[in-house]
Amino acid sequence: MPHINLYYKDENPSPLTLVWRRFNQRLLSMTALYILLAMILVVIFSPILAPYSTSMQFADAVSLPPSWTEQGNIQFLMGTDDLGRDMLSRLLIGSIYSLGLPILMVAVSSIIGMVVGAVLGIDRTIKYQTFSRVFDTLLSIPSFLMALIIIAILGTGLFNVALAITLSLIPQFIFVTRNAVHQEWHKDYVTASRLNGCSKPYLLYRVILPNITPILVMQLTVSLSVAIMDIAALSFLGLGIQSPTPEWGSMLARSLDEVYLSPWSMVLPGVTLFVTIMSINIVGDSLRRALSERVNS
Amino acid sequence: MIRYLSSRLFVFIIAFFLLTVFTFSLNFFFPGDPVTNMTGVRTFSDYYPVISEIRGADKNIAFQYINYMQNLLSGNWGASLSSGDYVFEHTYQHLFASLELIVGALVLAVLIGVPSGIFAATQFRGPIDKGVISLAMAGYSIPVFWLAQLLILFFAVKLDWLPITGQINPLYGIAPQSGSILIDIVISDSDYKAAALQDALNHLILPVIILSIMPMMLLLRLMRNATQDMLQKPYVKAARARGLNEFQVLIKHAVPNATQSVLQQVPLIFSLLLSNSIVIESIFNWPGIGNWLVRAIFERDFPVIQACVLIIALTILLFNLVVDLYRGWRFPIVRQE
C-alpha cells in the first residue's frame, strides 16, 4: 500500500537537505560525486584490489606498455614502469597517499579550525575590524608556501609533509567558520534564540551550526582539492613523500626521466590525479551553486 | 579616501610587522644556531663571537628583534650557507626573474580570461557558455606540474618548436644584471641583441602559458558569474529601455560593476599564481625566487629560505595593498564599508 499522509505535517527540511535536493538535480554533480565515492572505496580496498606488491619487480616485463596496446600483456593491465613494477598496483596503492592521506589531513585540520573559528565567532570581546582585516591579509599568503616553510623546519618525509599540510590548512577553516558564525549572529532567528535564554554552546550547535553547514561542507571540498594538489606538488619537487612510495606526484616526478620511452608512466598518474581533483572541484562548485540558489529563492 | 587610505596602510604595516616577527622567529625554529640562521656565519668561524655579540644573542628577545629589524631594513640579510654570497644582492635578481614570468602570466590571464568571461556571460546557459565553463573547470583542476610535463612533451620534444629549460641559450653570453632576461638583453652590449631577444622570448613562451592557465580560468569563471549577476539587475534593464544597444549596455554598465566584485578575488588568484610559480620555476630551471627557495630547502640554507619567504610574502602583501587602494579609488562603495 502506498504511503499516505493522513495528517497535515509541516515539512521543514534542514538547510543541508535543501541544498542536497538542488544538488541531486544535476547530472554532472551527481556523476562527480559517484566518481569521488568510488575513489574513496578504492582507497579503502586498495590492498585487496592491487594484483601485485608495489615494490615487486618483473625482470622480463620492464617498461611494458598498457594492455590495450600492441605490445601489452593482460597480466599487467596498465603496463609496468622502468623498473618492471606493475603500474596498476602502484596507482591503486598510491591512492592511499594521494587521496586517503589528504582526506585525513583535511578532517584533522577542519575539526581544529572549526572549533577555534566557532569560539572566535561567538566571542565578542576582541575588537574585530582591524583584527579581521590583518587576518584577511595574512591569509592571502598561500598554504603551499606555509607547507614549504614547515618542511624546511621539520625536514621531508611522509609524516612531516602530512603535518605541514594539515597545519597550513587550519587558518582557512578558522577564517571561514568565524565569518559564517559572525554573519549569522545578527540575524533575527539567532536574536530570538538568545532572548529565549539559550546558552552559548546550545546556540552554536543547535541554532547556528545547521545554517552554516553547507558553507562548511563547501570549504571542506575546497581544502581537499588544495591538499591533494599540495601533497602531489611537494612530492613532485622531491620535498614530500619519497620515491619508493607510490605517491602519484612522486610517480610523475620519476616519469620525467623516461617520458620519451614510456609516456604511459606519466599519463596514467596524471590522469588519475586530474580526475580526482576535477570531481572534487565539480562537487564543490555544484554545492556553491545549490547554496546560492537556496539563498536567492 | 584619506581615511580609507590610512586604514589600509595601517593594516599593511601591522601585517608587515607580524610577517617580520614570523621570519624572525623562524631563526629559532630552524635547526641549528639562531645567529647562524640569521647571518650565515657558522659557529666555528672566527667571526662568530663578534657577530653573536653584535646581534645580542645573550640579550633579551626584544633587543634581538630590534637588531634583526635594523639589519633587515638596511639590506644586511646575511650570507648564504651554501655559496657564501650575500643574500640581499642576489634576492632582487631572483625576484626580477620571477616577476618576468608572473607579470607575463598575469597579463596573459587578464587579456584572455576577462573578455571570454564577459562573452560567456552574454551567452548564458547557451552551448558556448557551457563549453567555455566546462573548459574552465578542467583548466583549473589540472595539476600545474602535469600540464607542464604534457606541454613540454608535446611542444618541446615531439614538435621541437620551443626549448625545454632555462632563460636563454648560454652561448649568447648575456651577463645577469637585473635578473630579468629581457631587460638584461636590452642593457647588454651584445652584438646579437635581436637574436638573443628572440631566443629569450622562445624560452619564455612555455612557462608563461602554463603559469597563466589556472588564473586565466579562474578569472574567466569569476568574470562570467559576476557579469551574469549584473545583467539581471534592474539598472541594466533601465539602460536597455533607454535604447542602448547590447554592446553599450555591457561595456558601460554591466562590466564596470562586475569588475568590482571580481577585483575582490584577485589577490587570491595572485597568491595561487605565486605558489604555482614555485613549481613551474623548478621544472623549467628558471632562476627565480621559487626555484631558489626549493633549492635552499634541499641545501638547508636558512638565510636564503628566510629571504625567499619574506620576499614572496611581501610581494603578496604589496599586491593586496595596491588592489585594495585601486578598488577604494575607483569604486566609492568600497570606501563606505
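Residue positions begin at 1 at the first shown residue.
Every residue gets a Cβ built from N, Cα and C, even glycine.
Database features (TrEMBL):
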DOMAIN    B:95-323  domain 'ABC transmembrane type-1'
TRANSMEM  B:9-30  transmembrane segment
TRANSMEM  B:95-120  transmembrane segment
TRANSMEM  B:132-157  transmembrane segment
TRANSMEM  B:204-223  transmembrane segment
TRANSMEM  B:266-284  transmembrane segment
TRANSMEM  B:304-326  transmembrane segment
Tertiary contacts of the transmembrane segment (B:204-223) (same chain, 6+ residues out, Cβ under 8 Å): 100-102, 104-106, 108-110, 112-114, 116-118, 120-121, 132-133, 135-137, 139-140, 142, 144, 147-148, 151-152, 155-156, 162, 181-182, 258, 261-262, 265, 269-270, 272-273, 276-277, 280-281, 284, 286
Considering the transmembrane segment (B:9-30), which listed stretch of B:95-120, B:266-284, B:304-326 counts the most C-beta pairs under 8 Å: B:304-326
For the transmembrane segment (B:266-284), distant same-chain residues with Cβ under 8 A (at least six beyond the ends): 98, 101-102, 105-106, 109, 144-145, 148-149, 152, 164-166, 206-207, 210-211, 214-215, 218-219, 290-291, 293-294, 312, 315-316, 319-320, 323
